[in-house]
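Below is one structure; the comments refer to it alone.
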């Protein structure tokens, strides 16, 4: 009888560490809801003690998610565990994930402790976490380089203390599949109480073997896989969940295991994470890359036309990838747009129909016909920009040419006031940014600028993703228009609104603290 493999997603914790700018609470919630629809069993959504922002994100997601178990990370430190429990207590069901380094290198160089000290710290921390929940995971950080005798000892000890899931991370992506599978086999054969816990694996991709290591671990007896959407993560990233999930589905007969994932949601979730995290998906990325189901060789094309199974081991439809269609124009009504979104798998709560339809009409007037990829791009932008705006781009005008300094005049709505400025720059985009900076008077530094095309032909959309630094923090902005300069301007305005909201939160916290002091 096939056994279930639990899917543990850590996109919002481990995956976020790879981003140039942190996600805001609303963006994290959108990803969490998508993961819930996809059917992940556990989602690790943050490290609450690390910052007030992470605490707020974990708490917000814990309130909203009903069909997946929400998890938060904590070091083997009392405060970490208590803060994690406080953030999670609003959830219907939650897990606390405590971790501690177990390799000689980490214990001696980083922790400056002995292995016996580490054993005691793990025991006390697991027991403390069990005060709050009966679902506690313990991770042996750098397990891949931990002597097997020590690993067996601390795993047995952790289970005795109350850990219900034992996670074996290949923290630096060092092991090979044969070696990693052997570690799991050793634990199953040598730890007497191993049957009282689920063995989990968390593989990094430094040598490009994270998915292979995870699959080999499952063949050896592991029953939980940890990873991220699109393989996001520090350095070379984590185990790519869409890859490992589809490997289990396609090779289910050989592996003898299954997952509870809704495979039809894989592509859409991957696209959402890519857009919100400003991390483009390589064209040749397995499962979700734009070339994953394309065939250019004449021999391959002939085979696919005769029988798709000749060169396709899975179908695009199996991951929710629909054929691109051309069916909407400026004459299409709101109901038609809503119907098309439903056909693509979107639910009402995934987007705001009013703002989406307004953006659709503007685009349809420019392009004439709107494709599915256009509509999805607009939906993603609306998801990211649906929070109240303080700054709004009213209009702009540019003058540029060869051997001429670019000049831009920009009008911004700032609250209820219309402000305008002009500036020169090294090209039209830089000139627009200089003018916007003069209006807002924010000390903004452009860290990253990326331009990508959405669609085909002369009316393709230009998507601009930027990262700016302001007041010591980084913020992400996104713009989408047929005009690249306008798209660039809207990306900057989007980032500025993120800055403004952050500053408002800071001022409100200061006001509350001041009132508290006065009351005392």
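Glycine too: its Cβ is placed from the backbone N, Cα and C atoms.
Annotation note: residue 202 (Mn(2+) binding site) sits in a strand segment as assigned by DSSP. Of all Cβ atoms in the shown protein chains, 29 besides its own fall within 10 Å of the Cβ of residue 202 (Mn(2+) binding site). Taken from Swiss-Prot, the feature Mn(2+) binding site covers 14, 202, 204, 238, and the record attributes it to sequence analysis.
Feature annotation from Swiss-Prot assigns domain 'Pyruvate carboxyltransferase' to 5-267; the stated evidence is sequence analysis.
The region 'Regulatory domain' feature in Swiss-Prot is assigned to 392-520.
Assigned with DSSP, the residues of the region 'Regulatory domain' (392-520) fall into helix, strand and coil as follows: 49 helix, 59 strand, 21 coil.
A simple Cβ count within 10 Å picks out one of the binding-site residues 14, 204, 238 as the most packed, and that one is 238. Residue 238 (Mn(2+) binding site) falls within a strand when secondary structure is assigned with DSSP. The Cβ centroid of 14, 202, 204, 238 marks the Mn(2+) site; residues of that chain outside this set whose Cβ lies within 8 Å of it are 10, 169, 171, 203, 210, 226, 227, 228, 233, 234, 237, 239, given in sequence order.
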